[in-house]
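Notes follow once the structure below has been shown.
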Amino acid sequence: MNMNRVQISKYELFSLIILFQWGTTIIFGFGANAGRDAWIASLISTGIGTLLILLYVLIYRLGGDRTLAEWFTYAFGKWLGAPLSWLYPLVFIYNGARIISDIRFLLPVTIMNRTPDWVIGITFLAVVVYAMSGGIEVLARIAAFTLPFLLLAIVLEMILLGASRSLHYVNLLPIVGEGWGRIWETVWPLGIMQTYGESIEFALIWGYVSQKKGLAATASFATLFAGFFIALLGLLTIAGMGEAVFQQMMYPAFALLKLSKIRFIDNLDALGIVYLVINAFIKLSMHLYAASLCIQQLTAAKKIRPVIFVVAALALLLSLTMVVSFTEHLQVAMVAVPYHLWLPLYLVLPMIVLAVLPLRNWIAGRKL
Amino acid sequence: MSIYFFPWESHHLLVSPWHFQLVLLIGALLGSVITWVRKK
């Protein structure tokens, strides 16, 4: 594909990856099952997740800078490759629908109590579709613009929490007191697949980065940076509330923000809404834009805009029909989706492609 | 219509995830037909 006209800078890619990986994890909390050791599980997941991102970059490079939509047809031919490639946009649409559902259920219980959830979902999606219509450059600039503000808000939150003496580091002890079992259960596969496996979507937009040199370094540094902050927020939440409350809370980040009380500066949970809306906006936009790009490339469509509308309509339909119980909606992300969808698509198939690509390149070289 | 009718519904996914996997495979095959026709 000719990708020369649209270009994003390395910093824009860096910001996109960070906000995408933060996603709704920053609000729902990471690894409640690991209890007070959730921050350790987060750090381990980040380490392995970075290796996974490097695996995707390696496949991208070995495949001659081909996008995710072209990996499988290049490696296996069009008859087997096309069906495998089509699985990805369908799962990206499902992932996008999950984000819409998160928004539909979180906003009514926090700030917009009397607004019907479907109104929230449709309105949010309409804004996302508008931004996506501007292309990946617009999304990348939004991410680049909002990242410094979010970082500032997190630093401010840490200062206020520290100053209000709400953090009790004894809550973190004993470290790994229950053994490594529950930490590993959190890391594998959910911790790695949800935050980092989903970043396979960036294999569709690496072609737009203006400077290809140092792509692996940018992607891996962004992943480490995002993972560090997820772990840090987890650590603060456990220190502030203790293990039992951390595990029971549906939205621990909101509860953490309410802990800070210095004179008139309190009820900072509005800041949590800002985190959620920005991160969910970027994550949903990336899911749906990646699905649209993938479908555009697979159908050889000339324009992406009609594809975006179809993809957004499908995501909305899925979201409106996927949640009967919100508890089950969260449970699915922990026990069903990581094993039955993400593991085969984000790890097994890319590993097979990686094994086949050298042979494919050798055959392609002999034909020249 | 049952509230658990759709294969991507959370309860349905927890009980029988292969229903959704099957839907994905059928969707992928249908999409592939467009790819095979348009990218000859």
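Here the Cβ of each residue, glycine as well, is placed from N, Cα and C on the backbone.
Whatever TrEMBL says is automated annotation, not expert-curated.
Tertiary proximity for the transmembrane segment (A:12-32) is limited to same-chain residues at least six positions away from its ends with a CB under 8 Å from its CB atoms, namely 38, 41-42, 45, 99, 102, 106, 139-141, 143-144, 146-147, 150, 186-187, 190-191, 194-196, 198-199, 201-202, 205-206, 209, 218-219, 221-223, 225-227, 229-231, 233-234, 237, 246-247, 249-254, 272, 275-276, 278-280, 282-283, 286, 330. The transmembrane segment annotation in TrEMBL covers A:12-32 (among others).
Taken from TrEMBL, the feature transmembrane segment covers A:38-59 (among others). Nonlocal intrachain contacts for the transmembrane segment (A:38-59), taken as residues 6+ away from its ends with a CB within less than 8 angstroms of a stretch CB, comprise 29-32, 71, 172, 175-176, 183, 186-187, 191-192, 195-197, 199-200, 202-203, 206, 215-216, 219-220, 223-224, 226-228, 230-232, 234-235, 238, 246, 346-347, 350-351, 353-354, 357.
Remote same-chain partners of the transmembrane segment (A:71-94), defined as residues 6 or more beyond its termini with a Cβ less than 8 Å from a stretch Cβ, comprise 59, 63-64, 200-201, 203, 287-288, 290-292, 294-295, 298, 311, 314-315, 318, 341-342, 345, 349-350, 353, 356-357, 360. Residues annotated as transmembrane segment in TrEMBL: A:71-94 (among others).
According to TrEMBL, the transmembrane segment annotation covers A:118-140 (among others). Note on the transmembrane segment (A:118-140): residues 6-9, 12-13, 15-16, 100-101, 103-104, 107-108, 112, 205, 208, 280-282, 284-286, 288-289, 292-293, 304-305, 308-309, 312, 315-316, 319-320 of its chain, located 6 or more positions outside it, place their CB under 8 angstroms from a CB of the stretch.
What TrEMBL records for A:147-167 (among others) is transmembrane segment. Within the chain, the transmembrane segment (A:147-167) has long-range Cβ neighbours (under 8 A, six or more residues past its boundaries) at 15, 18-19, 229, 232-233, 236, 239-240, 256-257, 259-262, 265, 268, 271, 274-275, 278-279.
Look at TrEMBL and you will find A:187-209 (among others) tagged as transmembrane segment.
Positions annotated as transmembrane segment by TrEMBL: A:221-242 (among others). Remote same-chain residues near the transmembrane segment (A:221-242) are listed as 13-15, 17-18, 21-22, 25-26, 29-31, 35-36, 38-40, 42-43, 45-47, 49-50, 53, 154, 158, 161, 166-169, 171-172, 195-196, 199, 249, 252-253, 255-256, 259 (criterion: CB distance under 8 Å, separation of at least six residues from the stretch ends).
If you look up TrEMBL, you'll see A:273-295 (among others) marked as transmembrane segment.
Residues or ranges marked as transmembrane segment in TrEMBL: A:307-327 (among others).
The transmembrane segment annotation in TrEMBL covers A:339-359 (among others). Residues 52, 55-56, 58-59, 62-63, 71-72, 74-76, 84, 87-88, 91, 94, 189, 193-194, 197-198, 200 of the same chain, all 6+ positions outside the transmembrane segment (A:339-359), place their C-beta atoms under 8 angstroms from a C-beta of that stretch.
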